[in-house]
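Heads up, the thing below is written out as structure tokens.
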Amino acid sequence: MANQNPPIPITDPEAQEITPTTLAPSTPAAATGFSAKVVANKVKGNLVFHSKWAELNGAMGDLGTYIPIVLALTLARDLNLGTTLIFTGVYNIITGAIYGVPMPVQPMKSIAAQALSDTSFGVPEIMAAGILTGGVLFVLGVTGLMRLAYKLIPLSVVRGIQLAQGLSFALTAVRYVRKVQDLPKSKSLGDRHWLGLDGLVLAIVCLCFIVIVNGAGENKSRGCCDVVGSDDDDLGGQKRVESDDRNSRSRLRKVIFSLPSAFLVFVLGVVLVFIRRHEVVHEIKFGPSSIEVVKFSRHAWKRGFVKGAIPQLPLSILNSVIAVCKLSSDLFPGKDFSVTSLSVTVGLMNLVGSWFGAMPSCHGAGGLAGQYKFGGRSGGCVALLGAAKLLLGLVLGSSLSHILKQFPVGILGVLLLFAGIELAMCSRDMNTKEDSFVMLICTAVSLVGSSAALGFICGMVVYVLLRLRNWTRDKPLSTIWMQKSPGQV
């Protein structure tokens, strides 16, 4: 009768919306007989919506990063937008089913930056860089080397990388809002006008609307569930009227604070696309883009490795695997993540899709923070986004670029701003002066040098020097690296 025991739910203490996980039967025979059912139940649980509007809203949290990069590469380097949407949509659905959290799928930023700055770095070089980067990450995952790196890299250095990435997103977002952008050339053209369908006033109104609805990111809106009433029939009519007024205000606050702010702002941007340029309707062609295998030359492999994969690898290891794993553990304590699985999934995404012209992709701490900020709590959040990408890729294909080209960049800047701030706020758990010092050194070098790898190296050097300095205080060597007290050894 061992198999008749009720399932034990495992929930996230910080976010009650997290899906419970059911333990598998303990006996080998039962485990074999019900393995398919257990997997199916786990996938179903990972994809279930816990709050439909919140999950829909959370799906918008990553678009401030995704749209500008993909659109710029489509216009400047003839990236196949339809193929990219189809493959990244499938990635979103699969990762949502596997992890059960809003695990993002983002373009590889270093490769994208190289392609936009170098006219000779075309689609074959981009895809070669993605395949090589994915291959290295896959090997690091299956061999266990990524797990070793995760254990050795101190939290203060990871927080420094996260803070630098978050501030970088926020600074880019402010530039999107304040300046007119030429996305294919990644250049600012001048100050944005106050009025207009992509003006400063529009961006400021959207920003204020999101702040009013979402606040600073509280899990629950303060006072939205507080119903003030009275059981004393002798208080009189005036007391009952005051109670009714408070109840009405409470209900109004609850309605306002539950609005899907990011989704409404994105829908507003789509509506403005057709208002700004009605002719875009005639430029839309229905049907998927043709998916073809990319032809590579030896020169493309060489340039892809030297100028694409080598600069991308440190960023992918730190921000797409290690930082995402730590951030996931912070946001979803009830979920079990491993750097091995994250490294393998990033590797497989690029080892498959890049051969067919899909933009090299990875996970990203910024995307996860943005989706969490706007209410994403389950894998259903990114699965919904993936289904939308897949549908758009199959129905509209690359002609979707005509619509995205008219999308108000100021609104994208607002969405990106909140994603960056949410990621940067993860560094607030650095409570000691020593940890904060290492984190800020890492952040400063990463921002000024525009290189996460350089910031990581400097942060590790400073961390080691501080540990050696502590060693001179007659502490045992075993207490230095992992900051254990002598009593714990």
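Here the Cβ of each residue, glycine as well, is placed from N, Cα and C on the backbone.
Just so it is clear, the model here is predicted, and its values are computed rather than measured.
Taken straight from TrEMBL:
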- 79-101: transmembrane segment (TRANSMEM)
- 121-140: transmembrane segment (TRANSMEM)
- 152-174: transmembrane segment (TRANSMEM)
- 194-213: transmembrane segment (TRANSMEM)
- 255-275: transmembrane segment (TRANSMEM)
- 337-358: transmembrane segment (TRANSMEM)
- 379-400: transmembrane segment (TRANSMEM)
- 406-425: transmembrane segment (TRANSMEM)
- 437-466: transmembrane segment (TRANSMEM)
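Annotation: stretch 79-101 has the most Cβ pairs under 8 Å to the transmembrane segment (121-140), among 79-101, 194-213, 255-275, 379-400, 406-425. Put simply, of 152-174, 194-213, 255-275, 337-358, 379-400, the stretch with the most CB pairs closer than 8 A to the transmembrane segment (406-425) is 152-174.
By the count of Cβ pairs under 8 Å, the stretch nearest in packing to the transmembrane segment (194-213) among 152-174, 255-275, 379-400 is 255-275. With Cβ pairs under 8 Å as the measure, the transmembrane segment (337-358) is packed most heavily against 79-101, out of 79-101, 152-174, 437-466. With pairs at least 6 apart in sequence, the transmembrane segment (255-275) and the transmembrane segment (79-101) have fewer than 3 Cβ pairs within the 8 Å limit; the two do not touch. Residues of the same chain lying 6 or more positions beyond the ends of the transmembrane segment (255-275) and with a Cβ under 8 Å from any Cβ of it are 53-54, 56-61, 63, 197-198, 206, 209-210, 212-215, 221, 224, 281, 374-375, 403, 406-408, 411-412, 414-415, 418.
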